[in-house]
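So the structure is just underneath, and the comments pick up after that.
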Amino acid sequence: MHDDSEVAVLRLGHRPGRDDRMTTHVGLTARALGADRVLFPDNAGQSLETVADITDRFGGPFDAELTDSPNAIIRNWEGEVVHLTMYGERVETVENEIRAAHLENGTPLLVVVGSEKVSFDVYEAADWNVGVTNQPHSEVAGLAVFLDRLFEGREFDREWENADRRIIPQETGKHVESVEE
Ligand SMILES: C[S@@+](CC[C@H](N)C(=O)[O-])C[C@H]1O[C@@H](n2cnc3c(N)ncnc32)[C@H](O)[C@@H]1O
């Protein structure tokens with residue numbers, strides 16, 4: 001979020017058709033739960049458009065980008081790299097260490113999530129391989145829980161800038177207000 005140094009999310013791999021919704025949801029979840037930026041593989045242009053459209057309507061700042069070399073992003077990242085994997089260390093064991101390193105160094109944090117099989121060099125390049133439970137589930141669920149642990153819930157208080165609409169929470173029904181700026 002914007003009171004801390006950057007948190008970016010990298011989606012590794014995208015199978016057009018099969019992964020369309022999941023890749024989009026990685027981006028929407030990154031945005032809603034406090035990350036600053038998402039990087040998608042360059043065959044996921046549709047997901048980028050959807051995330052950019054949501055940011056236009058519901059606010060930011062949040063950037064979505066395509067990359068033709070996700071592995072180079074990891075290798076050359078000037079900061080900490082967390083790879084979310086069911087095989088990793090327990091999130092509840094390493095979350096304090098990750099938060100402290102990220103905040104103390106003031107360097108950007110890259111959170112990597114996979115789609116299909118993730119190659120071993122990603123496990124080696126990561127500063128932490130982190131499991132949100134050691135059970136198989138989903139990149140979207142893993143990302144949501146990890147970000148919430150990282151930010152300790154502060155992402156819920158985020159103010160959205162340049163939105164053209166705002167949802168007013170209701171016990172029942174839907175209330176959406178236009179935002180005049
Ligand atoms: C459907 S899984 C497939 C992973 C693949 N079978 C592999 O061995 O790398 C897709 C992604 O979801 C995330 N994921 C799934 N379960 C997870 C867990 N328990 N903790 C953290 N991330 C998880 C990981 O980022 C993973 O790459």
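Using N, Cα and C of the backbone, Cβ positions are placed for all residues, glycine too.
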Site co-member for S-adenosyl-L-methionine according to TrEMBL, given G114, S115, E116, K117, V118, out of L66, L84, L150: L84
Candidate with sparsest Cβ neighbourhood (10 Å radius) among L84, V118, the listed binding-site residues: V118
S-adenosyl-L-methionine binding residues L84, G114, S115, E116, K117, V118: largest Cα-Cα distance, in Å and rounded to whole number: 13
8 Å Cβ shell about L84, G114, S115, E116, K117, V118 centroid, S-adenosyl-L-methionine site members excluded: L12, G13, T85, V113, E139
Number of Cβ atoms other than its own within 10 Å, given for E116 (S-adenosyl-L-methionine binding site): 10
